[in-house]
Amino acid sequence: MLDMDLRLLLQSLTPSSQSVYVLVFYFVYLAVAGEILPGKVIRGVLLPDGSQLRYRCNGLFALTLLVAILGICAKLGIVSPLVVADRGLELLSATFIFCVLVTLALYVTGRSSSDKSSSLKPHVSGNLVHDWWFGIQLNPQFLGIDLKFFFVRAGMMGWLLINLSILAKSAQDGSLSQSMILYQIFCALYILDYFVHEEYMTSTWDIIAERLGFMLVFGDLLWIPFTFSIQGWWLLNNKVELTVPAIVANCFVFLIGYMVFRGANKQKHIFKKNPKTPIWGKPPVVVGGKLLASGYWGIARHCNYLGDLMLALSFSLPCGISSPVPYFYPIYLLILLIWRERRDEVRCAEKYKEIWAEYLRLVPYRILPYVY
Ligand code: NDP
């Protein structure tokens, strides 16, 4: 029996040619759409050598066009809307193999690069696993495409596409529930909002500070779409009855989380562009001319993480509390953001020195006021 289960699992993990076609179509579409569709061109942060990358933020256009194309193809019977939901494990293993191959290629090309620019300069520690895992170059490119920006976009869009396929499956097998609808709406709003504000992504830690290695590629292409959708997969096989107060409370957690998450990220973004812009209608409190210490950034040093955690919780609450499985995402995010916040503090302390110490004095809480 166990032997049989194992064989079935291995079978569903083996990528078929169809799952490879799905991935190839997806990446080719994103590469072409990213290059040709119109979108606001944003300058990235100033790199140590004085250069600045340019990012074409046309993700919302690319995503809506892709969903429209897939919707029409599904209507015409060219593509099954269940293609992802029916081949989840296969697509997962095909994506994993792709991540390994692409990061080995990044390792080899990174090591042999003699480029001296901040984006392409190789950072080699000599430890193969370390260099492959953390990456060698900051902003490697392929055919002129910035791979870091490309992969994060592919992961976020992939998450929505997986969810939509799960939605189609639950509609087809008659299991569509209030829980599934709530989960789908919250995630879709979050992902669409991400692409509406895609330009903010260009100043995040991943884009400005992490090199492109297995950790980031795996995180973007596999971790985000496949694990953030666990609640949807779980709801396909589990029924949850939600009371009206539970639905209302769930909506509140989502809305407050969204307000804090978006508000904090927006305030920092606006502040970086123009440090004189009023925050909540008042002149900003600025430390050493560089750090914002009012608005959300005066409540806790990473209020944006607090908002993100509330949003993550709101994606899981529709699943009720009968199982810990749908809470994988908020629990993982809690661990990740605490770890990340600590690394960011070290980086900021080194960069801003006494200005950072003054900011710590003014804003003593890291993420949750009075608690942490
Ligand atoms: P932040 O957007 O918080 O960026 C941190 C950087 O902002 C610091 O390194 C510093 O950079 C600058 N900074 C910090 N404090 C201040 C201040 N008071 N005033 C001005 N600048 C300041 O971090 P992330 O890039 O990690 O996160 C961005 C968003 O992405 C967050 O909302 C987070 O929740 C989300 N996220 C989501 C994940 C997920 O899996 N769902 C994973 C990771 C992040 P500088 O040197 O430029 O000043």
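Using the three backbone atoms N, Cα and C, a Cβ is placed for every residue, glycine included.
Residues or ranges marked as transmembrane segment by TrEMBL: 20-38, 59-79, 91-109, 150-168, 180-196, 216-236, 242-261, 281-299, 311-339.
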* Determine which recorded stretch among 150-168, 180-196, 281-299 has the most C-beta pairs below 8 angstroms with the transmembrane segment (216-236). => 150-168
* Using a Cβ-Cβ cut-off of under 8 Å, list the residues of the same chain that are 6+ residues beyond the ends of the transmembrane segment (91-109) and lie near it. => 13-15, 19-20, 22-23, 84, 128, 131-132, 135-137, 140, 147, 212-214, 217-218, 221-222, 226
* Structure fact -> Other same-chain positions with a Cβ less than 8 Å from the transmembrane segment (242-261) and lying at least 6 residues past its termini are 178-179, 182, 186, 189-190, 193, 296, 303-304, 306-314, 317-318, 320
* For the transmembrane segment (150-168), find every same-chain residue at least 6 residues outside the stretch whose CB is under 8 Å from a CB in it, and list them. => 26-27, 30-31, 34, 59, 62-63, 66-67, 70, 74, 81-85, 88, 176, 180, 183-184, 187-188, 191-192, 194-195, 198, 201, 206-207, 212, 216-217, 219-226, 228-229, 232-233, 235-236
* Outside the transmembrane segment (281-299), six or more residues from its ends: residues with CB under 8 Å to it -> 260, 263-264, 267-268, 271, 275, 352, 354-356, 358-359, 362-363, 365, 369
* **Distal contacts, the transmembrane segment (180-196) - CB-CB under 8 A, six or more residues away** => 59-60, 63, 156-157, 159-160, 163-164, 166-167, 170, 228-229, 231-232, 235, 242, 247, 250-251, 254, 258, 262, 311, 314-315, 318-319
